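The region 'Disordered' feature in Swiss-Prot is assigned to 144-200. The annotation compositional bias 'Low complexity' is assigned in Swiss-Prot to 146-163. Under the heading compositional bias 'Acidic residues', Swiss-Prot lists 182-199. Look at Swiss-Prot and you will find 200-252 tagged as zinc finger. Among the features that Swiss-Prot reports, site 'Histone H3K4me3 binding' is placed at TYR210, TRP216, ASP220, TRP225.
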Amino acid sequence: MEGITHPIPRTVEEVFSDFRGRRAGLIKALTNDMVKFYQTCDPEKENLCLYGLPNETWEVNLPVEEVPPELPEPALGINFARDGMQEKDWVSLVAVHSDSWLLSVAFYFGARFGFGKNERKRLFQMINELPTIFEVVSGNAKQSKDLSVNNNNSKSKPSGVKSRQSESLSKVAKMSSPPPKEEEEEEDESEDESEDDEQGAVCGACGDNYGTDEFWICCDACEKWFHGKCVKITPAKAEHIKHYKCPTCSNKRARP
């Protein structure tokens, strides 16, 4: 996406400078320029990507046409999930994917120019000194740093990160299969009811029956169940959704 206007970084310092510039551009898109960024990510458009540029700017554009691309590509289709999630959750999801993309670009340069073990380690240490984009946009940058210090001082104390991860995984597990009709009175009865519900569940988009090996998600507005693939929601996206609305319910809300 950047064309030939930006010099190719070749040393650890140059790669880190490139990383820092792209990171600054992405943070700007998700904070100061949030209104413009949100409006640019129109779900009616084709698959869009958020690019951070080395000169601390950003752009939303279609992915490059060349295959394979010159540089690793950022997450594709960020605009599709915009109206199906709360704005805060959507921004957090874009931030997580942006963090992943920044690392892939930095270590792509490292591999391309033959960085050795010590150079890769130094690059990672320099990058790791900076808060992630997700930490910045969620306001957890300072809290995360303090947590890291506390963990280093006392290994016996459990990490808060682990508990948050467990909560997220638990949430996805609950979303992946239809729940029982009501709170169960006894274990045996709850198992029977759960099996009946799963067998009778139908996707609100395609009409197919529930399958145990498929990811499902329920709309909090109409309470219909959908295949994740039918509404373009993955388990990773579901972790960041507090109140999911299907495309139909989202469109109803958008109409004046």
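Glycine residues also receive a Cβ, built from the backbone N, Cα and C atoms like all the rest.
Summarised as a single figure, the pLDDT of the zinc finger (200-252) averages 79. Around the Cβ of TRP225 (site 'Histone H3K4me3 binding'), 22 further Cβ atoms fall within 10 Å across all displayed protein chains. For the recorded sites listed here (TYR210, TRP216), the lowest count of other CB atoms within 10 A around the CB belongs to TYR210. Residue pair TRP216 (site 'Histone H3K4me3 binding') / TYR210 (site 'Histone H3K4me3 binding') shows a Cα separation of 8 Å. Counting every protein chain shown, the number of other Cβ atoms lying within 10 Å of the Cβ of ASP220 (site 'Histone H3K4me3 binding') is 13.
According to DSSP, TRP216 (site 'Histone H3K4me3 binding') sits within a strand segment.
Looking at TRP225 (site 'Histone H3K4me3 binding') and TYR210 (site 'Histone H3K4me3 binding'), their Cα atoms lie 9 Å from each other.
Rounded to the nearest whole angstrom, the C-alpha distance between TYR210 (site 'Histone H3K4me3 binding') and ASP220 (site 'Histone H3K4me3 binding') is 18. Residue counts for the zinc finger (200-252) under DSSP, split into helix (H, G, I), strand (E, B) and coil, are 11 helix, 8 strand, 34 coil.
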